[in-house]
Each structure stands twice: as C-alpha cells, then as structure tokens.
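K.L.:
Residues or ranges marked as CoA binding site in Swiss-Prot (evidence: sequence analysis): 191, 192, 193, 194, 311, 335, 523, 584. The ATP binding site annotation in Swiss-Prot covers 387, 388, 389, 411, 412, 413, 414, 415, 416, 500, 515, 526. Positions annotated as Mg(2+) binding site by Swiss-Prot, on the basis of sequence analysis: 537, 539, 542. Taken from Swiss-Prot, the feature N6-acetyllysine applies to 609, supported by experimental evidence.
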C-alpha cells in the first residue's frame, strides 16, 4: 500500500495550523498514557458551573459496562453554545441559513439565536416539559430545528431528533420507544423543489394506538401548505413564542445527565436509541471540531448533514456553536437546481471549511465540470468527508475539482455511538492518502483483532475495536443497557466493537473496509438488513426475504432483496412496484430496495440459517469463489439463484 501517493501538508496550512506533527505525537501519547491529565486539561474548552474533580471513570468489563466522564461537574450545553459568546461575539453570525430556493437565505447572530432559544425554552416550560422529559423533533433543515434542540438542552429535556425522510411508522416506533411527551414538527419541509408532508406524517404516526405519551404537537409554519389540525393537541410555533419571555436562566445539568437519544439501525430488528450525555459529549464535539477542521475564529463552516443524523448534532450544531463558529445550514440538496449548487453556495457565503458525504461527492463527480461551472471556490481551506469510506477516485476528484488542489481532505471515521471523530487526519499534522482515515484522534485507542479477539500487530486487516473509553462515547441504549452491552461489548471482551472492518498499512494508517455485520451503508446512512427484511415479510404476499448490499457507484451500497412469495402468488411488475412502495412506507425512502430478486428458495444451512455470504456474492455478480457450499441443506439452490440473476436488470 505504500505506493499510494501521499499528499503532503500544504505550506499555507502548516504556517498557521493549531496542531503540527510533533504536537500531535506528544499530545496523542499523553492522551493514552495519562488520560486523566489530558482530558482534565481539555475539559476546560467548556465553561463549567461546578468544575469537575473526577475525569474518567469507565469500564468495558463484561457485566459491568459503565462509562462516566467529568461525573461530578455541572454545566449547561446551551449556555456553552450561546451565552458565553454574547459578551464578545454577540453580533457574530451563528447560523447562516441557505434555503432550498437560493433566493431565500438569512444570517442569525449569536444574540438573536440566544433570544430565540430562551423564548422557546420558556415555551417548553409553559407546555409542562420538565428536566428529563423526552421531546421528539421531526423538522426540516431550518434554524428552528436548532432552536428546538438548544431549547431542550437549556431546560434539561432530552431531544430525540427523527430524520425528516422517515415514514410515519418509523416515527411512531421512535416516539413509543422513547416515551416522547411532545412532538415538534413543521407543516411541510422543502427539498429539491418538492414539499415533504411532515405534519401529515406526524398525524399518521400519532394514529398508532401504541402512541400514548404525546400531549402536544408544536407546528412551525414553513410553507403555509394545507394541513389537518387537531384542536387542543396541535399548537402553532409562532403563536407560542410570541407570548414567551426572552429571559431564561439555563438549567444546571450534571455532566452525566442525558442530552439526546438518536435512533440508529442495528444488525438485528428494531432501531436502537443511542443515548448521549452532556459533559463528555460536548467536550469531545467541541475539541474534535476545533482541531480536525483547524478552526480559526471568523471561519465560515458548512456541514451538509441533516440535523436528523449524528453528524448534524455534533458537527452542524453543537461542536461549531460551542467554539463560537459560524455554521451554515442548507435546506436543499447539493445538485439542485443545477449540479453546481454546492459550489455556488460555497462562493455565495465564502465558505472556508466544507464537510460533506462521499455519496454527494460521487453524484457531483458524475456531472464532471458541470459541478463547478461558473464558480471559483477560492475561499475553501479545508475539505472533509463523512458517512462511509470514500473511494480514492472520489477523494482525488474532491481534492482536485472542489478544493483546487490546495485543501487537505479530512476523511473522518466515526459513528452515532462514538459522538465524534475517532480516526481522522489533522490538517497540519497528517500527510494524506486518498481513501484512508489515517490516524486516531487524541484519546482514541484503535486495534485490529482476529475473530477470536486476539490483537493483530503491524500491517494487517481485521475487525476494528477501540480498547478504552473516550469522552464522546454513548453511555447506553435508551431503556436497554443489556442490549448496549450485547451489541458493542460482547463480541470481543473488554473492547468496544465498531461493527466495521479495517486494514492498517505499514505507516500505521487505517483504511476502513466497511461493515462486517448485517448493516448496510446507503448514501452514508445506516440501515439494518433485519429491519428491511421485517418490513418485507410484513407484506401479506411475502413468505420470506433476505436483504444484502451491493456496490453502487453513487450511493456506495444499493439494496438487493431476495424475496420468496407465498404459495399461489406470482411475481408481476405491479407487485414489484407495490413491494418497493410498501418498504418505503414502512421505513422511509432511503430503505426502498433497488432490486427485488424473486426466488422460490434461499440457501440455508441444515439448521435453517440463511447463508448471507453466498447471497452477497451472487447479488454482486462475484461468482468466482462462492466458498464452501457443502453445509447447505440443498446445494442446488445456488445454481438456481445464479440463473435467475442473469435475467435481472441491475441499477447503475
């Protein structure tokens, strides 16, 4: 692997970077050798009401997984993201909002955002929301989504943000699991010129008889589109905040008080509510933001992620705002109405740091120079990538075309469960290799292990684990600590298992190779195969289903579903469309299968276990080495599947 061309650190970055190679080595060694000293010092990036004495109190031991950081300290997240900046930087822009329609944009100062958050915090209190209550937020990419999240944190309520692309069924499941007392939504969302029926989806979700906890729905008027209204339950955002005071004293929170729940797909069944707490999470989000993006005061920063994903929590809002940065929030999509939209937004707002996903980069790359037509992007200094491993071709295109061959690309590997960046370059400290996430961030101790959990040394490939805790780590799964332990700490004893595989080269750089469990990564979003299979099997005509991922040029992975129909049912183009729409309705558009492969039988072992390894190879057209098929109950099934595959048109 050493033949790969290394990108050296550009002189303009080296001259003013926050961390150089020598500092990285020294700080990294301190962070793993004396974590209490290191994190005790770094914790001062925040303002604490009651300073902490204890720094790290963590255990990955079987039966005793417990993660606590700064546990005797108190603080408030919203005060750290807003109040502490007011005296010196109250007039600095906190959020630049760029609408789906380019003629709509606005700048919101720290002073204005603070006022709006105080008003909404008082509104939540008026509605009877107390510290510890869960509030569901199902909003478009508008500043009010940030206001709602910060207001929850301000009063100590726990927010559960649900991505606006999820279906009513998925919304209901998350409301039920978290026992949300309030839902905050919008009449409609707007994306690529189309309206998204958010309020209607909430109405449908709340018709589920198992939703019993919701008392009110607060509705933001975004489009003025026609919506149904339930008197007494539904309340207009503007009516409520008009009457609210803009004075509010932020609640004193313990560092380990819950901050948010964010649902993420697992390899088994229903989504898991990942729980993050206040102190360690914000220290980690702020520190990683500052160092990985080499943030300097005055930088204009744009993270293209939706607030409904962890990237939107940590790196659209909380990390940047804790550092007093100007963060750009974009309602639209990178290639609408023209392929150059992303580049146009960069020029329009003079963006210095751009953080986006490989799926967007690949979609723009497919447009060639149309993606940069009429723009110069000269304001850019740092580029970043998130959501899935980026292929070297897309990395080089991004570096060359978007960044004019002068901006380091920080390819960040991390997860919902990690709270912030884990393996990532630092612009002034790391030479880059296209496609590699490079080296661990401070305090992160990655290892590669074999199937038995034995650590592998040197240049090698294996399962990626983390051997000790870090402040941003999720503390548990909401209401199910046993599942937390089972999912992340039972595969390899005394280690956090990421679910990803990786290889390490002779320079010690990490290359993420993708999931090793049954989780798909579609356009940078995690989807559990079990979740999609459950949705398919719930269809009245389907007997059995198995879902695998196949490589896709734009999305990274596409969804390939093997479907066995009930006796007497026949495949048809109508049923094909019906089944795809069914999954779309059950989970959301992201989960719609790209390919349905009708088949009478699936390859199973004698104990009835589906051999997914074989299904993955057949779907990907890789039939050179199907491995050992002797354990199959009926080896003839494989030939039949291969024949059926010949007739299937594959997505490009």
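From the backbone N, Cα and C atoms, a Cβ is placed for every residue, glycine too.
Model, not experiment: these values are computed from the prediction.
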K.L.:
Among 191, 192, 193, 194, 311, 335, 523, 584, listed as contacts of CoA, what is the widest Cα spread in Å, to the nearest whole number?
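P.N.:
Across 191, 192, 193, 194, 311, 335, 523, 584, the widest Cα separation comes out at 24 Å.
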K.L.:
For the C-alpha pair, I'd like the distance in angstrom between residue 191 (CoA binding site) and residue 412 (ATP binding site), rounded off.
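P.N.:
Counting only the Cα atoms, the answer is 26 Å.
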K.L.:
Using the alpha carbons only, what distance in Å do you get between residue 194 (CoA binding site) and residue 539 (Mg(2+) binding site) once rounded?
P.N.:
29
K.L.:
Within 10 Å of residue 523 (CoA binding site) (Cα-Cα), which of the binding-site residues 412, 515, 537?
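P.N.:
Of everything listed, nothing lies within 10 Å of residue 523 (CoA binding site) (Cα to Cα).
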K.L.:
With the residue listed as 'N6-acetyllysine' as the reference Cα, tell me which of the binding-site residues 193, 311, 387, 539, 584 is the closest one.
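P.N.:
Spatially nearest to the residue listed as 'N6-acetyllysine' by Cα position is 539.
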K.L.:
Of all the binding-site residues given, namely 311, 335, 539, 584, which is spatially nearest to residue 387 (ATP binding site) at the Cα level?
P.N.:
311
K.L.:
Can you tell me how spread out the ATP site is, meaning the largest CA to CA distance among 387, 388, 389, 411, 412, 413, 414, 415, 416, 500, 515, 526, in Å?
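P.N.:
Taking every pair among 387, 388, 389, 411, 412, 413, 414, 415, 416, 500, 515, 526, the longest Cα gap is 18 Å.
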K.L.:
Going by DSSP, is the residue listed as 'N6-acetyllysine' sitting in a helix, a strand, or coil?
P.N.:
coil
K.L.:
Pull out the binding-site residues from the set 389, 414, 416, 515, 542 whose C-alpha sits within 10 Å of the C-alpha of residue 192 (CoA binding site).
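P.N.:
Checking each Cα against residue 192 (CoA binding site), there are no hits.
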K.L.:
If you count CB neighbours within 10 Å, which one among the binding-site residues 193, 387 has the smallest count?
P.N.:
193
